[in-house]
Amino acid sequence: MSSCSSDLAPLLGGVANSSAAASYICDQFTDAGFAIDNTYLLFSAYLVFSMQLGFAMLCAGSVRAKNTMNIMLTNVIDAAAGGLFYYLFGYAFAFGGPSNGFIGKHFFGLKEVPQAGFDYSNFLYQWAFAIAAAGITSGSIAERTQFVAYLIYSSFLTGFVYPVVSHWFWSGDGWAAAGRNAGESLLFKSGGPRVGRFDHAGRSVALRGHSATLVVLGTFLLWFGWYGFNPGSFNTIFKTYGPSGSIHGQWSAVGRTAVTTTLAGCTAALTTLFGKRLQTGHWNVVDVCNGLLGGFAAITSGCSVVDPWAALICGFVSAWVLIGFNKLAATLKFDDPLEAAQLHGGCGAWGIIFTALFAREKYVNEVYPGREGRPYGLFMGGGGRLLAAHIVQILVITGWVSCTMGPLFFALHKLGLLRISSEDEMAGMDLTRHGGFAYVYHDEDPSAHDGSPSGGFMLKSSAVRVEPRTTPAAATNQV
C-alpha cells in the first residue's frame with residue numbers, strides 16, 4: 001500500500017473496502033497532480049513561444065527598413081525549421097536516455113513518447129527553448145547574410161548543436177549540471193561587418209534601426225515570455241518542500257523565480273539608462289531595452305536559487321558588462337546590430353559567474369533534490385567548487401559551439417554561400433532577395449504595372465518610400 005493510501009485508510013474507518021477506496025482517492029489526486037503539472041508546462045511553453053514574436057519585432061526594429069522582410073522571414077524559419085528538426089532529431093539528442101552522457105539515443109520522431117517524465121508537453125516546451133536559442137542570433141547577422149546560409153545554420157543549431165548542450169546540462173544522463181547556451185560570437189566574426197559600419201579610418205558609423213517602436217514592442221513581448229522561460233524551467237509546480245499542508249513548495253520557488261527575473265531586468269534597465277546618459281548625454285530607449293534584456297539574460301542562470309536582493313546586484317553588474325562589451329565590440333570592429341553577443345554572451349557569462357557567487361544552499365537543495373552536499377555560492381559560504389564548475393561550463397560550451405559551428409561557417413564562406421554582395425547589401429535584401437520592400441508609402445505600387453518584383457505592404461501615408469532604391473531598375477520605379 002502506498003504512503004498516501006496507508007495514511008488515508010484509517011480516516012475512512014468503517015467504510016467497506018477502505019483500502020480500495022483510499023487507493024482510488026489517492027490515484028485521483030495523483031492524476032490531478034499530473035494534469036496540473038502538464039498544464040503548467042504547456043502554459044509556460046506558450047509563453048516561451050511568444051518570445052519568437054518578441055525576437056521578430058526586436059530584430060525588425062533594429063535593422064534598416066530595406067531589410068525588414070528578410071529579418072522577419074528568418075524568424076519564421078527559426079520556428080518552422082526548428083519544429084521539424086527538433087521533432088526528428090533534436091529532442092532525441094537532448095533527452096533520449098539512457099545515453100553515453102554525451103548525446104541522447106532515443107525518442108527520434110517522438111517514438112516511445114509519452115512516458116514518465118517525458119510527455120508531449122515537455123517536447124513542446126523544449127522546442128520553444130530551442131527556437132529561442134536560434135532567434136537570439138537572427139538579427140545579429142542581419143543585412144549581410146545569405147538566406148540559404150541562415151536556413152542551414154538555424155536547422156543545424158536546433159537539430160544538433162543546441163540539443164547536445166541540453167543533454168549535457170539538463171538531461172539526467174548528461175555529464176554536467178544545468179547551464180546556458182553560448183558561443184554565437186563566432187558567427188558574427190565569420191560574416192564580417194556590414195558595408196558602411198566602419199569608415200575608411202576605422203571609426204564606428206551608426207547604422208541605426210528604422211523603428212524604436214518595434215524595438216520597444218519586442219522588448220515587452222520578450223519580458224512577458226521570460227516569465228515562461230525562467231519559472232517554467234521547473235517543469236512541475238505541484239510539489240511540496242515541507243510536510244503536508246506546508247506553504248513552502250515548488251509554487252513558492254516559481255514565484256521567487258519570477259520576482260528575481262523581474263528585479264534583475266528592472267535594475268539593469270535603470271542602470272543602463274543613467275550609465276548611457278553619462279556616456280553619451282542622451283536618454284536612449286533602445287539602449288534601455290537592451291540593458292533590460294541583458295539583465296534577464298544574466299539572471300536566467302541562477303534565477304531559482306538566489307534571493308531577490310541578489311538579483312539587484314546581478315542586474316546592476318550586467319548593465320555595466322553590456323556597456324563595456326559594446327565599447328570593446330566597437331574597438332574590435334565587431335558588428336552586431338542587436339548586440340546579441342555582448343548581451344547574451346557577455347551578460348549570460350556574468351550570470352553563470354553570479355550564480356556561483358550568490359546561490360543559496362537552501363534553494364539549491366530544494367530545486368535540485370536527491371543529493372546531499374551540492375555546492376552553492378561562494379559568497380554564501382559554499383566555497384569555490386561551484387565557481388570552478390561554472391567556469392569550466394563556460395569554456396566547454398564555448399568550445400563545443402566553436403568546434404561545430406566554425407567548420408560550418410568556414411564551408412559556407414568557401415562555397416560563397418555566407419555573405420551577399422556589396423551591391424545587394426547597399427540595395428537592401430528585401431528588394432534583391434525577397435521581391436520587394438516591407439513598407440511602401442503610397443496607394444498603388446507602380447510595380448503592379450511594369451512587372452518588376454518590388455511589391456510590398458501598402459500604407460496611405462506618403463508618396464515617398466522609406467528606403468530609396470539605389471539600383472538602376474529600382475530608380476525607374478522611384479516615385
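Cβ coordinates are placed from backbone N, Cα and C, and glycine is handled just like the others.
Here TrEMBL flags 40-63, 84-103, 123-141, 148-170, 211-229, 308-329, 341-359, 387-412 as transmembrane segment. The domain 'Ammonium transporter AmtB-like' feature in TrEMBL is assigned to 40-439.
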For the transmembrane segment (148-170), distant same-chain residues with Cβ under 8 A (at least six beyond the ends):
74, 77-78, 81-82, 85-86, 88-95, 99, 101-104, 126, 129-131, 133-134, 138, 141, 176-179, 181, 187, 393, 396-397, 400-401, 404-405, 408-409, 412, 417-419
Under 8 angstroms, Cβ to Cβ: which one of 40-63, 84-103, 123-141 has the largest number of such pairs with the transmembrane segment (211-229)?
40-63
So which of 40-63, 84-103, 123-141, 308-329, 341-359 is most in touch with the transmembrane segment (387-412), counting Cβ pairs under 8 Å?
341-359
Between the transmembrane segment (40-63) and the transmembrane segment (84-103), are there three or more CB pairs that fall under 8 A, provided the residues in each pair are separated by 6 or more in sequence?
no
